[in-house]
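Student: Just dropping this structure here.
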Amino acid sequence: MKSLLLLVLISICGADHRSDNYTLDHDRVIHIQAENGPRLLVEAEQAKVFSHRGGNVTLPCKFLRDPTAFGSGTHKIRIKWTKLTSDYLKEVDVFVSMGYHKKTYGGYQGRVFLKGGSDNDASLVITDLTLDDYGRYKCEVIEGLEDDTAVVALDLQGVVFPYFPRLGRYNLNFHEAQQACLDQDAVIASFDQLYDAWRGGLDWCNAGWLSDGSVQYPITKPREPCGGQNTVPGVRNYGFWDKEKSRYDVFCFTSNFNGRFYYLIHPTKLTYDEAVQACLKDGAQIAKVGQIFAAWKLLGYDRCDAGWLADGSVRYPISRPRRRCSPTEAAVRFVGFPDKKHKLYGVYCFRAYN
């Protein structure tokens, strides 16, 4: 009797299983439960996509629907894209589409549209990418009372660099840190960006703000007092601090630029004011810290001449370590914030392309 009952149950389950198959592609079958299961499924074919500042990217998103649940299409399909904040507490509207009605929000206006590769394609194309476009995006599809979501991460090729102003180390609250990065053609880095930089070899013994409001620093060679001598390498976390009162350095992130970074050939050394004017006379502007890091990391720029930058610092980029030119490692070498009246250095300029 027990064997007969088991056989009956297996037969019923098998029948239900076969009746709820909907073939959507040549090689894909999705199983939708007729009673309580999802009648709408949203998925991203890639969890992460990569691009760079100034480039274009497609955030993949497709939806699969049960044709028996929605009939002949009496419900309009609504597609909404939002950007998630780093703490996942808020969503920033990016794009909404319902039939012929479409709306774009904020800085995305004129830069985003649906790919529309097929009837079930909700992929979003973003053009002329900016540093602020980095992050996680949510694709939401709504039809009638059914809805589902998928999340796609947009990663940008770039470089993370530590920064502190002329005042010295540990002088920036969170909001000042954000502005300091913006002033240097960069944005405040995320934890993921700092973590990737650490995996790439970044070692820095001063704690800095990150975009989520945490304070951390990357150590590849633990030592006293940098992470502790007998500890493992890693990204050290100071935790979350008061954004108004607490003061640290900052980790900035920048990406490819649309222009030319170069060391200006000049017959004499320059004061800071002379350096600014020399770049202007050459049809350019004095370069920013983010631009020297991007040229060094992304273009392999190498120059063993110390030069003024826009923030009043003096630095030089070395991609090929050699005697008297950063012999131990490839790096952007920091000379300091000298007296701006000293006539001791050259200048790095940046000419933007139209």
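Yeah, the Cβs are placed from backbone N, Cα and C, and that goes for glycine too.
Straight from Swiss-Prot, here's the annotation block:
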{"type": "DISULFID", "residues": "C61-C139", "note": "disulfide bond"}
{"type": "DISULFID", "residues": "C181-C252", "note": "disulfide bond"}
{"type": "DISULFID", "residues": "C205-C226", "note": "disulfide bond"}
{"type": "DISULFID", "residues": "C279-C349", "note": "disulfide bond"}
{"type": "DISULFID", "residues": "C304-C325", "note": "disulfide bond"}
{"type": "DOMAIN", "residues": "38-152", "note": "domain 'Ig-like V-type'"}
{"type": "DOMAIN", "residues": "159-254", "note": "domain 'Link 1'"}
{"type": "DOMAIN", "residues": "259-351", "note": "domain 'Link 2'"}
Student: What's the most sparsely packed of the disulfide-bonded residues C181, C205, C252, C279, counting other C-beta atoms within 10 A?
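Tutor: Result for the disulfide-bonded residues C181, C205, C252, C279: minimum number of other Cβ atoms within 10 Å at C205.
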Student: Could you put numbers on the helix, strand and coil content of the domain 'Link 2' (259-351), residue by residue per DSSP?
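Tutor: Split into helix, strand and coil, the domain 'Link 2' (259-351) gives 21 helix, 30 strand, 42 coil.
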Student: Validating a neighbour-count step here. Other CB atoms within 10 A of the CB of C61 (disulfide bond): how many?
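Tutor: Excluding its own Cβ, C61 (disulfide bond) sees 28 Cβ atoms within 10 Å.
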Student: Sort out for me which one of C325, C349 has the most neighbouring CB atoms within 10 A, since those are the disulfide-bonded residues we care about.
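Tutor: Within the set of disulfide-bonded residues, the most crowded position is C349.
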Student: Tell me which of the disulfide-bonded residues C226, C304 sits in the most Cβ-dense spot, judged by other Cβ atoms within 10 Å.
Tutor: C226
Student: Taking the Cβ of C139 (disulfide bond) as centre, how many other Cβ atoms lie within 10 Å?
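Tutor: Counting Cβ neighbours of C139 (disulfide bond) within 10 Å gives 26.
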Student: Across the whole of the domain 'Link 1' (159-254), what does the mean pLDDT come to? Round it, please.
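Tutor: A mean pLDDT of 96 is what the predicted model shows over the domain 'Link 1' (159-254).
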Student: How big is the gap, in Å, between the Cα of C205 (disulfide bond) and that of C61 (disulfide bond), rounded to a whole number?
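Tutor: With the alpha carbons as reference points, the distance is 41 Å.
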Student: What whole-number Å value do you get for the CA-CA distance of C349 (disulfide bond) and C304 (disulfide bond)?
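Tutor: C304 (disulfide bond) has its Cα 15 Å from the Cα of C349 (disulfide bond).
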Student: What does the structure give for the C-alpha distance between C304 (disulfide bond) and C139 (disulfide bond)? Integer Å is fine.
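Tutor: Approximately 48 Å lies between the Cα of C304 (disulfide bond) and that of C139 (disulfide bond).
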Student: Where does C181 (disulfide bond) sit by DSSP, helix, strand or coil?
Tutor: helix
Student: Using C-alpha positions only, work out which of the disulfide-bonded residues C226, C252, C325 is nearest to C61 (disulfide bond).
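Tutor: Nearest listed residue in space: C252.
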Student: Can you check what DSSP calls C61 (disulfide bond), collapsed to helix, strand or coil?
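Tutor: Going by the DSSP assignment, C61 (disulfide bond) belongs to neither helix nor strand, so it counts as coil.
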